[in-house]
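So the structure is just underneath, and the comments pick up after that.
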Amino acid sequence: MTKVELAKLRTMIPEMRRVRRIHFIGIGGAGMGGIAEVLANEGYQVTGSDLARNAVTERLASLGAHIFVGHSAEHVSEASVVVVSTAIKQDNPELLAARELRIPVVRRAEMLAELMRFRHGIAIAGTHGKTTTTSLVASIYAEADRDPTFVIGGLLNSAGTNARLGSSRYLIAEADESDASFLHLQPMVSIVTNIEADHMETYGGDFSKLKATFIDFLHNLPFYGLAVVCVDDPVIRGMLPEIARPTITYGLSDDADVQVLDFVQTSNRSCFRVRRKDAGELAVTLNLPGIHNALNAAAAIAVATEDGIGDDAIICALAKFEGVGRRFQQYGEFETGRGKAMLVDDYGHHPSEVKVTINAARTGWPDKRLVMVFQPHRYTRTRDLYEDFSDVLSKVDVLVMLEVYAAGEEPIPGADGRALCRSIRSRGSLEPIFAATPDDVPAILADLIGEGDLVLTQGAGNVGALSRRLGEMKLSIDSMKSGA
């Protein structure tokens with residue numbers, strides 16, 4: 001992209017000409033890093049700090065961002081504005097310094113809202129499926145030569161990044177309900193995939209407040225905007241009479257405006273028909289497993305069809321979709337020394353997400369023994385969904401349970417990995433194996449895996465790094481025993 005094109009894009013946020021340097025506290029997260037990348041490509045000076053370097057910070061550094069390891073008050077001294085992630089605590093030295101220096105402090109969603117303000121925003125919200133649905137929408141728009149800007153909460157494999165600055169008016173982004181900050185967004189189109197109890201501490205434990213917040217999010221649309229919602233979800237179906245915006249529904253239900261029919265999965269690929277209320281039927285091949293991903297594709301199809309994107313671009317984008325990092329990411333099938341075993345990694349950390357991942361594995365590879373390495377994420381979530389976790393985790397063949405990934409929370413008695421193991425064991429169908437740390441897992445797996453196994457690492461914490469390590473070991477029993 002030329003400097004002239006970049007200068008033109010800068011005029012889309014004219015009042016931000018006063019801004020010279022933007023500092024991100026917690027820049028290594030996918031959501032924060034994505035916004036930082038777009039701003040860096042727009043020509044702003046971007047700095048940021050995090051506790052450690054990772055792939056996100058390395059990419060940003062390659063784009064000219066200055067990355068600090070660790071947090072220090074001096075890092076914000078030259079900043080025009082400071083952006084904070086939800087993970088940053090109030091006693092963070094950079095946050096305290098910014099406030100003392102009267103530097104504006106905004107949340108991630110507020111900065112995303114500024115990027116979206118003068119663009120045609122497409123925002124994807126929901127408890128599950130946001131990242132994949134956002135990726136599918138972005139892929140279709142790219143295939144149709146709409147050249148969108150996108151900000152995704154995971155790595156879009158085909159682009160090699162989770163964010164990109166496009167030259168068109170389109171901005172496609174995830175909308176995060178975890179802290180209700182998605183209410184800052186003013187999109188033209190909003191997708192809501194589903195609504196379940198999660199992040200309830202934000203909503204005072206009141207599910208009706210969570211539902212009301214999603215309705216407020218949809219009512220941030222202009223009166224001529226578009227809400228695209230999954231009618232299969234009972235909460236969304238119940239909310240429909242309260243949504244006072246133009247609405248398109250999608251789902252498996254017969255009354256859906258965009259309906260998924262005749263779903264068939266073979267290994268990693270899914271085939272199905274899509275009946276559209278005001279357009280022709282589509283025969284779709286999706287390069288993703290699981291009927292839940294067919295529904296995610298239906299949402300993307302609904303948006304693209306409404307925006308006049310041709311069927312050829314839709315069909316082509318879905319057929320060649322290369323997936324998203326840590327969303328049923330397949331590392332391959334390896335000769336372990338005791339037969340071949342397959343390694344898959346998935347980010348899902350809510351019982352409903354774990355359930356659909358298990359179903360996708362069972363449907364695509366019905367003859368394989370399912371060996372899951374599960375890492376619970378947050379003590380509050382483990383406590384609030386304890387029975388649901390116990391039920392769904394009982395459905396695998398072999399379970400290795402890690403300790404809860406705290407994500408900054410304090411431990412809660414009775415809501416940890418050992419307690420979950422006891423609960424699952426009491427159901428009588430499975431004998432879980434507890435692993436105190438991820439470093440203990442390779443040796444445990446070396447004694448477990450055999451011919452035809454599907455090893456599935458599951459969770460939102462550092463279990464993803466464990467999966468990469470297992471992939472580097474190629475699930476070799478000798479390598480896992482030695483830790484090499």
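In case you wondered, yes, glycine gets a Cβ from its N, Cα and C as well.
Gly126 (ATP binding site) has a Cβ environment of 23 other Cβ atoms inside 10 Å. Annotation source Swiss-Prot lists ATP binding site at Gly126, Thr127, His128, Gly129, Lys130, Thr131, Thr132.
Report note: the ATP site is defined by Gly126, Thr127, His128, Gly129, Lys130, Thr131, Thr132, and the residues of the same chain whose CB lies within 8 Å of the CB centroid of those residues, excluding them, are Ile124, Thr133, Thr193, Asn194, Asn296.
Sequence-distant contacts of Thr132 (ATP binding site), defined as residues of its own chain at least six apart whose C-beta falls under 8 angstroms from its C-beta, comprise Leu288, Asn293, Asn296, Val324, Arg327. Same-chain residues at least 6 positions away in sequence with a Cβ under 8 Å from that of Gly129 (ATP binding site) are, in sequence order, Thr193, Asn194, His292, Asn293, Leu295, Asn296. Packing around Lys130 (ATP binding site) is summarised by its Cβ count: 25 other Cβ atoms lie within 10 angstroms of its Cβ, all protein chains included.
Same-chain residues at least 6 positions away in sequence with a Cβ under 8 Å from that of Thr131 (ATP binding site) are, in sequence order, Ile152, Gly153, Gly154, Glu174, Val324, Arg327, Tyr347. Listed in sequence order, Thr193, Asn194, Glu196, His292, Gly348, His350, Ser352, Glu353, Val356 are the same-chain residues six or more apart from His128 (ATP binding site) with CB atoms under 8 A from its CB.
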